[in-house]
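First comes the structure, then the notes that go with it.
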Amino acid sequence: MKVTVVGAGAVGASCAEYIAIKNFASEVVLLDIKEGYAEGKAMDLMQTASLNGFDTRIVGSTNDYSKTAGSDICVITSGIPRKPGMTREELIGINAGIVKTVSSNLVKHSPKTIIIVVSNPMDTMTYLVHKTTDLPKSRIIGMGGALDSARFKYRLAEALEAPISDVDGMVIGGHSDTGMVPLTRLATRNSVPVTEFISQERLDQVMEDTKVGGATLTKLLGTSAWYAPGAAVSGLVQAIACDQKKIYPCSVLLEGEYGLNDLCIGVPVILGRNGIEKIVELDLNDAEKEHMNKSAEGVSKTNALLEL
Ligand SMILES: NC(=O)c1ccc[n+]([C@@H]2O[C@H](COP(=O)([O-])OP(=O)(O)OC[C@H]3O[C@@H](n4cnc5c(N)ncnc54)[C@H](O)[C@@H]3O)[C@@H](O)[C@H]2O)c1
């Protein structure tokens, strides 16, 4: 199993580290445009192998795509992150150009790969990869919902004063401060609806804290977060590589599912060796449907800014 991660910055390096530590891939290629940067990160990470007990080989490359040839999975993290006060949508100008070039280079060298898009605005960048490559829709996956759901579970556990392992919940919709749809109605603590334990008011606070989860960290760090994004990507990569058939919310091209068309947005999917093996259609209530439709409007508005 060969995995390429483009962008050896904060998120890319974290992806490579978590993938390697989980020890299911034979090789991870880290590629960056900055001279020597990916090679340096790869060497540093390789020097953790004997300490962390993994055998995955991590290789660095300065923009040499021949090293990525035959990758089963490629992760795109190249592009600028937001600074405090910025929205993800404001990154579109620079990142669209980067994602377009990177995705066509990747497919040239790995025509059967599965691409996981991380660069923001992620839903629109995922859509752009569809427009740029001729990969089937099952092989283009945007990562946002896995991270947003992890942040949701963190906030739920905090509110419930419960261990995170007892908590389950999912965030669908667009990967933006206003687009996220945390499904509080379906969230549980060990199979019991969370509404049995906390008030609607507290739950609304959890929902708001989840939606601004990325912005809160950007304010604290001065740039966007990387540990949880890297861990979320490694979860998707492992689900595909190990054919786990796990359900994750991912940004995928919709063709009528959820009553939506011609956009990529977060919905639950089953991930396995072939990428997206099934889109799971949840029976949303009217409020959730309305929230999802509003979210889709926002994503489509950002898509319209693409020069296709
Ligand atoms: N989808 C998500 O959940 C999520 C979460 C966190 C961050 N992000 C996004 O991921 C992206 C990366 O964030 P980061 O914090 O790692 O940024 P970063 O600045 O630390 O790293 C980005 C790297 O991309 C490289 N790069 C730029 N152009 C390139 C090109 N053409 N080819 C190869 N490499 C190139 C840069 O040299 C840099 O090393 C940002 O767009 C950020 O908004 C998304």
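Backbone N, Cα and C define each Cβ position, glycine as well.
A quick note: this is a predicted structure, and the numbers were derived from the prediction, not measured.
TrEMBL lists 1-142 with the feature domain 'Lactate/malate dehydrogenase N-terminal'.
Positions annotated as NAD(+) binding site by TrEMBL: Gly7, Ala8, Gly9, Ala10, Val11, Gly12, Asp32, Asn95, Val118, Ser119, Asn120. Every protein chain shown contributes to the tally, and the Cβ of Asn120 (NAD(+) binding site) ends up with 27 other Cβ atoms within 10 Å.
In the three-state DSSP scheme, Arg82 (substrate binding site) falls into the coil class. TrEMBL lists Arg82, Arg88, Asn120, Arg151 with the feature substrate binding site.
Taken from TrEMBL, the feature domain 'Lactate/malate dehydrogenase C-terminal' covers 147-297.
The annotation active site, proton acceptor is assigned in TrEMBL to His175. His175 (active site, proton acceptor) falls within neither a helix nor a strand when secondary structure is assigned with DSSP, and so counts as coil. Within the same chain, the residues at least 6 positions away from His175 (active site, proton acceptor) whose Cβ sits under 8 Å from its Cβ are Arg88, Asn120, Pro121, Met122, Asp123, Gly142, Gly144, Gly145, Leu147, Asp148, Ser251, Gly266, listed in sequence order.
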Alpha-carbon distance [Arg82 (substrate binding site); Val118 (NAD(+) binding site)] in Å: 13
Fewest other Cβ within 10 angstroms of its own Cβ, chosen from the binding-site residues Gly7, Gly9: Gly9
Tertiary neighbours of Arg151 (substrate binding site) (same chain, Cβ under 8 Å, six or more apart): Val171, Thr210, Gly213, Gly214, Ala228
For the domain 'Lactate/malate dehydrogenase N-terminal' (1-142), residues assigned helix / strand / coil by DSSP: 67 helix, 28 strand, 47 coil
